[in-house]
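Encoded as structure tokens, the structure appears first; notes follow it.
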């Protein structure tokens, strides 16, 4: 088990290095192919060529791709200095680059944004997992009844409606009309009530979409599992129904759900862009949008890296959990 | 039984209907927040355009801005966005600034840190200013002439302080010999020879060539003082040391900013800034539609960006809250320009101008209110020398003149029309709509225009490169332009002076290089009397029309929100039709 975890962690590191290199290469190649100059984007519209060249050097854009890669990776461990024009900017370790748009360390921006996204995603994930799985199980057990139909129609609506629509609808009803909630994020360290109130709508909105998908997936899987021979055997042995469902059926049902859950969770941490934008939450998704719209390369690189890290780590956790849920799985 | 897709549609339709019901129900029900919303107390539509709405000198309260676009930089030497220049006067002062008056009266320059608007030598080469007594920094230390010189010097350090305007650098040091204060070998870092500071109260600017708009450049935030011991170089924009009526309390980029009173600022030294609110807050949001709703709900007072209410909230505002809206001109002109390297024949260019349907182009821009007035020439109203009625191609009527267009085509030697390409930025929805409108109009006379949507973020390297324009065959380019300072030089020179044709970052897209026009600019720049200079800009504008390289669409207008509790609200031409932020209050 330990050897398995070490091997997987090693693979995670290699994966992240590859992602970094690929992302850097894209930034390196695209300007060359399109004839645009990233340095020119950082200087004013009246800048002369000498100023553009000085900024290019300061950003390290004049260096070969592998040197840029080395500087980036080493900066994460030992920090990095950006020198030019008689000014030196120190980016302390772990340095994920420096945003010349906002004149901030990217790490500072990430530290600021990460708790917002994490709060939103974890809260929503708890909601959608509980609601989605329980709805799916009930639907499967009450197959063909009015409960099943009502649950699946609601789930269909959840899957069908785009999140920006449900977000606007939720804000319209619960904030504008009823005045129950505000949509401003408050850090949990400042006020638990403010944090909870500010995130409730994003949680519900995000969970509505995902719970719908999980309910449909759970129902389908559960129905399939309930038709398996070992369930019939368990019932034939006279096991009580709660044990058959809880101990035998649920374990198998949860395996594919857990797989999807790991990927969804990882991807959402990297960028629940629509939800964050709709609710004006300043999380990683917002940073990604900002990075792309302003061509802030260090910011894009860092968010890409964080997203990749979240996805691979979430998948690792899921793989480990397989063994806990399903005794047939053995990690080696 | 419904199929899956039918079920999906039915469910979607049901919820959409529910939403509409909810939306309709809330139509007029904006709730009252402390920002004050809706009709109560609002002085009426356009009450803040060219006149003061809710005049009041009462102090107190918090003025609440909201915006969807962050500043490019809050550093006085680095900001270039129009709203940033307006807002920066809360915490910066300049030698001279724009008068606190509505409309075009705002373009008059008045003393700020200086005791008067300067003594200008007869040859227009030397400007001498004496500072007022009692002007201080936020820690109470006096603002000196050396602080002003140091602040201005920072614009030379483009490799550190990048992004801001460099007009002063171009005028004082056209060969760019000074390398900026961070590379300055002088012990006091004040090595720029074109500025002298014989004592702490006197500052002298020595220009190598006269420029009648030099005072305009000194009114920009880029000419604000910066104290050397407070200069954090590239990071200065994260916490600016105040010389104005407010100082920074907190700032988190892309989230929020809070300014509070600078108790060391003395009202007696400042005839421009009223400093009415006790504090000023700015909140940045990522959802522009939600921002409009929050303004309507009264949660905030105004949009700091002032780019106009979004299309989804616009109708609601005009139907239910019109008295809270103003519809000013922004000083921007929207136009099509014809590169002469691609369409060299003037008659072919005239054919395009005559064939264009100005009314349809105005509609594509958003109509008379959200888009603006039909433009017939390139100098916007409000600038000295402008004549909005000058209409050499009969565009103000709105309809195309197909007969004249065909006549021009015949003279051009292409009676059946020709093929060309319209270049338009792919990130500007409205510009794409205008390109499509123009494409339709031109079809009527046989001009087949293909639309090429280029990467809007790469504008300076694509349409800003004459070589790329020629290689791609861009016969028509859709663009917009606003002046950095409200004179003919600020507006027209980058667009039509042949000496401003650049190989990258070019704005003279037509590559107009007319000796007569260039000569008129030289005359106008030497002229220190704005009215006389205006006459020269009028002549330039006439010659530009004659060259048939521009098809102006609209003098842009937008619809901006003004909360009911806002006092002393008026739009100022000096700030491109934005409210004069330094005059605003929130207590009636």
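Glycine residues also receive a Cβ, built from the backbone N, Cα and C atoms like all the rest.
Taken from TrEMBL, the feature transmembrane segment covers A:9-30 (among others). Below 8 angstroms of C-beta separation, residues 36, 38, 65, 68-69, 72-73, 297, 300-301, 304-305, 308-309, 312-313, 316 of the same chain, each at least six residues beyond the ends of the transmembrane segment (A:9-30), sit close to that stretch.
Residues or ranges marked as domain 'ABC transmembrane type-1' in TrEMBL: A:114-318.
Through the fold, the transmembrane segment (A:118-141) approaches residues 147-148, 151-152, 155, 185, 188, 195, 199, 202-204, 206-219, 221-223, 226, 245, 250, 253-254, 257, 261, 264-265, 268-269, 272, 275-276, 281, 283 of its own chain, all at least 6 residues removed from its boundaries and within a Cβ separation under 8 Å. The feature transmembrane segment is assigned by TrEMBL to A:118-141 (among others).
TrEMBL lists A:153-174 (among others) with the feature transmembrane segment. Outside the transmembrane segment (A:153-174), and at least 6 residues removed from its termini, the chain residues within Cβ reach (under 8 Å) are 135, 180-181, 183, 201-202, 204-206, 208-209, 211-213, 215-216, 274-275, 277-279.
According to TrEMBL, the feature transmembrane segment maps to A:194-213 (among others).
Outside the transmembrane segment (A:257-279), and at least 6 residues removed from its termini, the chain residues within Cβ reach (under 8 Å) are 116-118, 120-121, 124-125, 129, 133, 162-164, 167-168, 171, 183, 201-202, 205-206, 210, 213-214, 217-218, 221, 285-286, 288-289, 303, 306-308, 310-315, 317-318, 321-322, 325. Taken from TrEMBL, the feature transmembrane segment covers A:257-279 (among others).
What TrEMBL lists as transmembrane segment is A:299-325 (among others).
Tertiary proximity for the transmembrane segment (A:194-213) is limited to same-chain residues at least six positions away from its ends with a CB under 8 Å from its CB atoms, namely 119-121, 123-125, 127-128, 131-132, 135, 154-159, 161, 163, 166-167, 170-171, 174-175, 181-188, 260, 264, 268, 272, 275-276, 278-279, 281. Sequence-distant contacts of the transmembrane segment (A:299-325) (same chain, six or more residues past either end, CB-CB distance under 8 Å): 1, 5, 8-9, 11-12, 15-16, 19-20, 23-24, 27, 72, 96-97, 99, 101, 106-107, 109-110, 114, 251, 254-255, 258-259, 261-263, 265-267, 269-271, 284, 287-288, 290-292, 331.
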